[in-house]
Amino acid sequence: MAERAALEELVRLQGERVRGLKQQKASAEQIEEEVAKLLKLKAQLGPDEGKQKFVLKTPKETLTGKYGEDSKLIYDLKDQGGELLSLRYDLTVPFARYLAMNKLTNIKRYHIAKVYRRDNPAMTRGRYREFYQCDFDIAGQFDPMIPDAECLKIMCEILSSLQIGDFLVKVNDRRILDGMFAICGVPDSKFRTICSSVDKLDKVSWEEVKNEMVGEKGLTPEVADHIGDYVQQHGGVSLVEQLLQDPKLSQNKQALEGLEDLKLLFEYLTLFGIADKISFDLSLARGLDYYTGVIYEAVLLQTPVRPGEEPLGVGSVAAGGRYDGLVGMFDPKGRKVPCVGLSIGVERIFSIVEQRLEALEEKVRTTETQVLVASAQKRLLEERLKLVSELWDAGIKAELLYKKNPKLLNQLQYCEEAGIPLVAIIGEQELKDGVIKLRSVASREEVDVRREDLVEEIKRRTSPALCIC
C-alpha cells in the first residue's frame, strides 16, 4: 500500500508539472516528453482495483437512463470497432456532459443545433426525425427560483415576439408530483412510469390514462382515482396556496418544498409581468427522467369557437425545467451543478407559421432583401453595379439579377416571388435627371427619388415601425 501511495504522489506531481508547462506555453517537444513520463508512471500504477472509473469521451454520449420511456426514441449506432454510440436526443444531456468534462460550475448559454428522434414523423405538426432545437440554460448555484423565473421570462419574450398567437405556459414541479404519487399510494419503483402516463393528459382523456395506469402499469383503481383528483386541477398562485393547506400533500417534505418554491416563483413572475401567461397545472409531468424541480411547457391556444368556452391547446412549442442532478451523472466524483433551462421547438414553430400564412393566402418571404436594383433598358449593367454597391455601403440589403440585360418584367416578377418589397429602377431618363424610380412591389406605385436621398427613403419605407412598402 505504501509503494502504491508513493507512486500516486509521483503521478500527482508529474501531472502538476505537465499542467505548469502548458500554462507557461512551453515547447511542444518538452510537453510531450513530460506527458510520456506521466503515462509511464500511470502504467506502473496499474488499474485502481475495486474502483470503477467513468470515462467521458466526446463522440459517445451516455444517454441511457435519462429519458425514461422516451429512451426508445434514441437512435443507437455502432462504430467500426463495435462501440455503441447514439445520435443526440436533445441538447441538454450533451450540455451537462460538457460542464462535467470541463469542470464548469457557472455558465449561461444558448445553443441552436440538430437533434434526432426515432419517432413517427408528422410533417403538418412539425414533428420530424431530424430537427433543430434552440436551448437556453443557466448553470450554477444561485438563490431559489431567480434563474427559473428568468428562463420563463425569456420563453414568453420569444413566443410573444414571434407573434404566432396566444399561448399559455404550464408549470409544475417534479417534487410535487413525487410527493403526490407517494401520498396516493404509488410504489417508489413506479413513480417514473406513472409520470409518463400523467404526461399524456394533454393528448388523451383521463379515462384513457387511468386505464393505462391500471391495465398496463399495475395500479389499483383506487390509487389511480386518487391521482386523478389532483392531476385534473390547474390554476394560478391561489391553487399553490390551496395545496399548501392540503392536509396530506403539505405533510410530504418533497411536495412542500416544491409548493413553497412555486409560490416564490409566482412572485417573481408577477414582477416580470408574465404571471397572466402562466398556469400551475398538476397534469404536467414532462417524461424525461433528469428533471428534479420546476418543469414547464408552452402551448399555443386555439381561439374558442363559441363564447364562454376555454381556449384549446394546439400543441407544445417550448418546454424546459430544472435538472440539478444531471451534471453529477457525468462527473467522476459525482459533483453536482444545479441547472435550469428551456428548449424552443424551431421546426414546430416554422410549421405553425407556414400553416397560418397559407390560411391567410400570404406568401412566405424567403429573403431579407429590402430592394432590388433593376434597369428599364439594355446596357445599364454598369449603372446597376454602381448603385447596388452604394446601397451595400450604406447598410441596405440590396441585390440585382445576374444578367447583363434582364427584362424589366422578369425583374419585377422576381421581386413578387421572393417577397422583396421595393425596386430601385434605373433608366436613361432617370440618369439624366439624377433620380431613381422607387417602386413599391405591393401597391405598384412609383415615385422619383433624388439619388442622394435614396438610402434614407429606403430605410424609412422598410423600418419595422413604419413598413409602408
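Just so you know, the numbers here start at 1 and follow the chain as drawn.
Cβ from N, Cα, C; glycine included.
Of the candidate ranges 14-41, 70-97, 238-265, 350-377, TrEMBL annotates residues 350-377 with the feature coiled coil.
For the binding site of L-histidine, formed by ASP90, LEU91, THR92, ARG117, GLN133, ASP137, ARG286, TYR290, TYR291 according to the record, the largest Cα to Cα distance is 21 Å, rounded to a whole number.
Across the coiled coil (350-377), the prediction's mean pLDDT works out to 84. The Cβ of ASP90 (L-histidine binding site) lies under 8 Å from the Cβ of VAL115, GLN133, ASP135, SER343, each of these being in the same chain and 6 or more residues away along the sequence. Looking at THR92, GLN133, the binding-site residues in this record, the fewest other C-beta atoms within 10 angstroms of the C-beta turn up around GLN133.
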